[in-house]
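As structure tokens, the structure follows; a few thoughts come after it.
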Amino acid sequence: MNIVIALIPAVMWGIMPLVVSKIGGKPRQQIIGTTFGALAFAIGVFIFTNPEYTATIIIASFISGAFWSLGQMNQFRAFTQVGVSKTMPLSTGMQLVGTSLFGVFAFHEWGTTSKLILGFSALALIIIGIFLTSYQQHKDENSGQNMKKGIVTLLISSVGYVGYVVITRWFDISGWDAILPQAIGMVVAGLLFSIKSEEKRFTKQTWLNMIPGVMWATGNLALLFSNKLVGIATGFSLSQMGVVISTIGGILFLGEKKTKKELILVIIGVILVIIGGTMIGIAKS
């Protein structure tokens, strides 16, 4: 049962990009809907828990949530530029590299020689995996430009995601205490990011995108439980498996085309990212 709970984040976060893409809408509508869903879920959690708030917890968690919106909105943009099956392994790999480097240099993780060797070997595998998943066999001017835009967009996205993780870690804030102020920060940032949009912010797609927002929040809550049930290393490693669902789902359910060579390299790349993520989880233990 513990492993089932620990797999919920991977399932929720793996399916979420597929649901967002099926619902549709512009990235600004998607981020507003997703953050509204996360806020609704956070309010429900708040009612049944007893979080402890200080000014530091509220402000830092709010800023952390704003960084998440930066990361998530740019991930949505990348879906339109390079597709879900390329975006998710690239995004996961970049996040693993970013958070791991912060962990080593800011929080002095991997404190032994063996853990340093294991951790940096994992980063090498992840970087190789990133290159493999971004491979394009038949490049034309349009697809090449989209890939360049997608990589830049995902670099910005990764800054957001890494900031989201690092800020609460820096101030040693419990995930339970952070949930509501983080969600408020997500909503405020999502609304601010959409101010200059020419499209309507509130459409049918906006409200439907509350569903993936609840899915993301469910995965986040399950991760808090799984860290206690199976340990941070195992919980973290299992949560990375969602990239398999989203990558394969992008190809099978969203109809994203791959040549045989691209498909083989994507599969190898995803496997390397998962192995690297698992090794990082072990190095964290």
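Even glycines carry a Cβ here, placed using N, Cα and C.
Pulled from Swiss-Prot, these are the features on record:
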TRANSMEM  5-24  transmembrane segment
TRANSMEM  31-48  transmembrane segment
TRANSMEM  53-71  transmembrane segment
TRANSMEM  84-106  transmembrane segment
TRANSMEM  116-135  transmembrane segment
TRANSMEM  151-173  transmembrane segment
TRANSMEM  178-195  transmembrane segment
TRANSMEM  207-226  transmembrane segment
TRANSMEM  232-254  transmembrane segment
TRANSMEM  263-282  transmembrane segment
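Remote same-chain partners of the transmembrane segment (84-106), defined as residues 6 or more beyond its termini with a Cβ less than 8 Å from a stretch Cβ, comprise 17-18, 21, 75, 78, 116, 119, 122-123, 126-127, 129-130, 133-134, 147, 150-151, 154-155, 157-159, 161-162, 165-166, 170, 240, 242-243, 246-251, 254, 256, 258, 266, 269-270, 273, 276-277, 280, 284. Stretch with the most C-beta contacts under 8 angstroms to the transmembrane segment (151-173), considering only 31-48, 53-71, 116-135: 53-71.
When Cβ distances are compared across the two stretches, the transmembrane segment (178-195) makes contact with the transmembrane segment (31-48), since 3 or more pairs at least 6 residues apart fall below 8 angstroms. Of the ranges 5-24, 31-48, 53-71, 116-135, 263-282, the one with the most Cβ pairs under 8 Å to the transmembrane segment (207-226) is 31-48. With pairs at least 6 apart in sequence, the transmembrane segment (263-282) and the transmembrane segment (116-135) have 3 or more Cβ pairs within the 8 Å limit; the two touch. In this chain, the transmembrane segment (31-48) lies out of contact with the transmembrane segment (232-254); the count of Cβ pairs under 8 Å, excluding pairs fewer than 6 apart in sequence, is fewer than 3.
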